[in-house]
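Per Swiss-Prot, the features are:
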| type | residues | note |
| --- | --- | --- |
| BINDING | Leu121, Gly125, His126, Leu127, Ser355, Pro356, Phe357 | (6S)-5,6,7,8-tetrahydrofolate binding site |
| SITE | His229 | site 'Plays an important role in substrate specificity' |
| MOD_RES | Lys230 | N6-(pyridoxal phosphate)lysine |
Amino acid sequence: MMFNNENYKDYDQELWEAIQAEEDRQEHNIELIASENMVSKAVMQAQGSVLTNKYAEGYPSKRYYGGTEYVDIVESLAIERAKKLFGAAYANVQPHSGSQANAAAYMALINAGDTVLGMDLAAGGHLTHGSPVNFSGKTYQFVGYTVDKETEKLDYAAILKQAKAVQPKLIVAGASAYSRKIDFEQFRFIADQVGAYLMVDMAHIAGLVAAGLHQNPVPYAHIVTSTTHKTLRGPRGGLLLTNDEAIARKMNAAIFPGLQGGPLEHVIAAKAVAFKEALDPAFTDYARAVIANTAAMAEVFAKDDRFRLISGGTDNHLFLVDVTKVIENGKLAQALLDEVNITLNKNAIPFETLSPFKTSGIRIGCAAITSRGMGVDESRTIAHLIIKTLVNHQQPEILEEVRYEVRRLTDAFPLYKKN
């Protein structure tokens, strides 16, 4: 029977209204969640293509189904572009997410119960870097490294000392809430000193790496994992890279048949579009603007003694702010800013004293506002609006002023221009 529901707006009004409301929210909110970005219409078009109909277990030219000659072309394009973008010999574009990419990397390199040294969640790590509530912490024996208590930056000498003490089989470098550059060459040196593998999770900084604005981990790590959204500005998904042929075979087997069945070829097509966009010289300009906007916004907080900028600054697309001098915790700050249409997230800070459900800090990222075309002036304005909201959170008339200014900014920089 043929479909008679070509227009989902008419067929499923409930769903259409929810999606329309989300479109309006994105259009009229200032998005500062560091793990979010705004993709191009080309990325969305590829993801919404007929490729969603096709099952394709296996890899290009080695499928378990017929009729895959065209998805082979699509996936091969994505693979070759990813390799070129990051200077890698091998790439796997099938992971459905960064978490699954990390799981595959672990499966490829180590065994259940092995000791792993990874960044502590409170210091800026990710759930998949050994949190006890995550599969990583349940499957492997993770030991967390942290940052220096005074500088709030990575202390490579201390990490080396810790690595020698615990003798891990794997060291994980990379973070989800660390605002400074990470020296992957130093991490490889540490790994070699103890005979460990090095895995780098570059999910947050992949776009900056692609643009040549952060050290590329591929020459140093045994495996590099990433998401394809965040600063890379692609669809939500994962990526694996390596220069080692034997490890490439293991990581491919870990994804399929180890963790996943059929790949999402429509998402892989969208990844291919995003990789092509990132190979364009204009993407480097975008990444430079992200860093400049983040630095400009962070500087406003650094100059206000009512707030504390974690580590004193930022080198990438995000930074953390301790807000406890002006408001009880990060959870309340997040909720208040939601009320004025500024979206960010509460976040633990190094050596956190509050519950992870409350936190002392907030995390701010500038990738999404940069995608809208906002610059350093707008970034400073947004920082002042955040401060104005948190300092005057008990004054409704002030909050209304902030809402007006937020709407003025979003109207001036529309997300997707209407045809």
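Every residue number used here counts from 1 along the chain in the order it is shown.
Quick reminder: no glycine exception, Cβ is built from N, Cα and C everywhere.
You'll find the Cα of Ser355 ((6S)-5,6,7,8-tetrahydrofolate binding site) roughly 29 Å from the Cα of His229 (site 'Plays an important role in substrate specificity').
Spacing of Gly125 ((6S)-5,6,7,8-tetrahydrofolate binding site) relative to Lys230 (N6-(pyridoxal phosphate)lysine) is 16 Å (Cα to Cα, whole number).
Between the binding-site residues Leu121, Leu127, Leu121 has the most other Cβ atoms inside 10 Å of its own Cβ, all protein chains included. A straight line from the CA of Leu121 ((6S)-5,6,7,8-tetrahydrofolate binding site) to the CA of the residue listed as 'N6-(pyridoxal phosphate)lysine' spans 19 Å. Taking the Cα atom of each, His229 (site 'Plays an important role in substrate specificity') and Leu127 ((6S)-5,6,7,8-tetrahydrofolate binding site) are about 18 angstrom apart.
It is 17 Å from the Cα atom of Leu127 ((6S)-5,6,7,8-tetrahydrofolate binding site) to that of Lys230 (N6-(pyridoxal phosphate)lysine). Cα distances from the residue listed as 'N6-(pyridoxal phosphate)lysine' to the binding-site residues His126, Pro356, Phe357 are smallest for His126. The C-beta environment of His126 ((6S)-5,6,7,8-tetrahydrofolate binding site), restricted to residues of the same chain at least 6 apart in sequence and closer than 8 Å, consists of Asn102, Met119, Gly174, Ala175, Ser176, Asp201, Ala203.
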